[in-house]
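**Q** The structure that follows is given in the form of structure tokens.
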Amino acid sequence: MKRIVLLGATGSIGRQTLDVLSKHPDEFSLVGICAGHNAKELKEIAEAFPSVEVIGLSENKEDITFLCDHVFYGEDNMVQCLQHCDYDLLVNAVVGFRGLKPTLESLRQGKDVALANKESLVAGGVLVKKMLEKTNTKLYPIDSEHSAIFQCLQAGKKEEVRRLIITASGGSFRDRTREQLQDVSVEQALSHPNWNMGKRITIDSATMVNKGFEVIEAHYLFDLPYEKIDTVLHAQSLIHSMVEYNDNAIMAQLGSADMRLPIQYALMYPNRPYLKEEHPLDMTKTLTLDFKEMDYERYPMLKLAYQVGKREGNLGACFNGADEKAVELFLDKKISFLQIEESIEKAVEAATFVADPTLEDLERTDQEAREFVVRYWGLENQ
Ligand SMILES: NC(=O)C1=CN([C@@H]2O[C@H](COP(=O)(O)OP(=O)(O)OC[C@H]3O[C@@H](n4cnc5c(N)ncnc54)[C@H](OP(=O)(O)O)[C@@H]3O)[C@@H](O)[C@H]2O)C=CC1
Ligand SMILES: CC(=O)[C@@H](O)[C@H](O)COP(=O)(O)O
Ligand SMILES: [Mn+2]
């Protein structure tokens, strides 16, 4: 029985993880759940999974202390939960920079992490890598592209990999030119062509920040240089990513747009038990595969992500922090879609570079990037 702690339990990945866990009651016991504000849903989860021993909530608006022995409130709730329960695997599906600390804490304790929170690696990849080496722990990717690559890597040796090819849908505005992005609305940006996901990642997909994050994530997860990590536009999101080997073989992983497969694979690797699909892929009817070369002029955030990733240090934390704040402002209709990009570019330009950052350095960089974006748009008093 694997004892699981799930962060971001009320989110898109969180809920799909609960579904996977509920299908394997003899394999998993859910012992910890955390979320941000949604006390009502946490309560429902705790009732559905009586094995829950610890609960974390960032806001203290509702008293849920009666639900189990340990309930922690506040921004440090996730780390406190990890310190007050006996668990085997952390599933980190919280959104944002806040996911880095619990990832590091879990690895420090010698516990493996099934990772959806890509921000842990984008902002803190250097620290996470050091901790993995120190404690001999493992990360199991949940992000669909990285799960696909992880699956394709089972077919060969790492030394024989020529390159990783990460597929990109192009996001909500893939059929528009840059000129046509001037007046796009929040509602339009939130309409992803293939995936149903949380708001932040859906906007990141439209700006291609998400693909930039995924390039950096792949660098740390698979320990390959940026020169061996490519991206390609693939509108259908049927191929989740590929690995090209030295003998020219290209291994691809295909599947419907259902995150329960990568979640289950991360939790049960190397096993592949039965998984009922909502919308099974019918090869004979639906299989059209289009590919287009990535256009860095159309998607400047992807180009910037390579530069940020290669320079390393604290720049990933700046890139992510600026994006988090800019996406929040866009969703609140305080800035326009194209101003998300401008926020990130200017914040990275203005950042003070720290080559070998500590966690405190990254936290400072994250905070400074957010403050920079607010100041840049003159929104200090709103
Ligand atoms: N959705 C997807 O298909 C994919 C997501 N990912 C990654 O997985 C992560 C989660 O994404 P997704 O599920 O879409 O996001 P959602 O927005 O759907 O869910 C976010 C989760 O984080 C919680 N949360 C928000 N603020 C806080 C806080 N201050 N303290 C603690 N918890 C908080 C939310 O709780 P509450 O509901 O209470 O606010 C919720 O449980 C992201 O890093 C994303 O990039 C990666 C690949 C695919
Ligand atoms: C489901 C998932 O992993 C998302 O990251 C998704 O891949 C977004 O797709 P695009 O960023 O390619 O639009
Ligand atoms: Mn992805």
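For all residues, glycine too, the Cβ spot is worked out from N, Cα and C.
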**Q** Where TrEMBL shows THR10, GLY11, SER12, ILE13, GLY36, ASN38, ASN117, GLU119 binding NADPH, which of GLY198, GLY212, GLY255 is named for the same site?
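**A** Given THR10, GLY11, SER12, ILE13, GLY36, ASN38, ASN117, GLU119 bind NADPH in TrEMBL, the matching entry from GLY198, GLY212, GLY255 is GLY198.
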**Q** Can you find which of SER106, SER169, SER185 TrEMBL lists as binding 1-deoxy-D-xylulose 5-phosphate at the same site as LYS118, SER144, GLU145, HIS192, SER205, ASN210, LYS211, GLU214?
**A** SER169
**Q** By DSSP assignment, list the helix, strand and coil residue numbers for the domain 'DXP reductoisomerase C-terminal' (254-371), in that order.
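**A** Helix, strand and coil residues of the domain 'DXP reductoisomerase C-terminal' (254-371) number 69 helix, 3 strand, 46 coil.
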**Q** Those binding-site residues, ASN117, LYS118, GLU145, GLY198: which ones have a Cβ sitting under 6 Å from ligand 3?
**A** GLU145
**Q** Identify which of the following binding-site residues, namely GLY36, ASN117, GLY198, place a Cβ less than 6 Å away from any atom of ligand 2, and list them by sequence position.
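**A** None, by Cβ distance under 6 Å.
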**Q** Please go through the binding-site residues GLU145, HIS192, ASN210, GLU214 one by one and keep those whose C-beta falls under 6 A from any atom of ligand 1; give the result in sequence order.
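**A** If the test is a Cβ under 6 Å from any atom of ligand 1, the answer is none.
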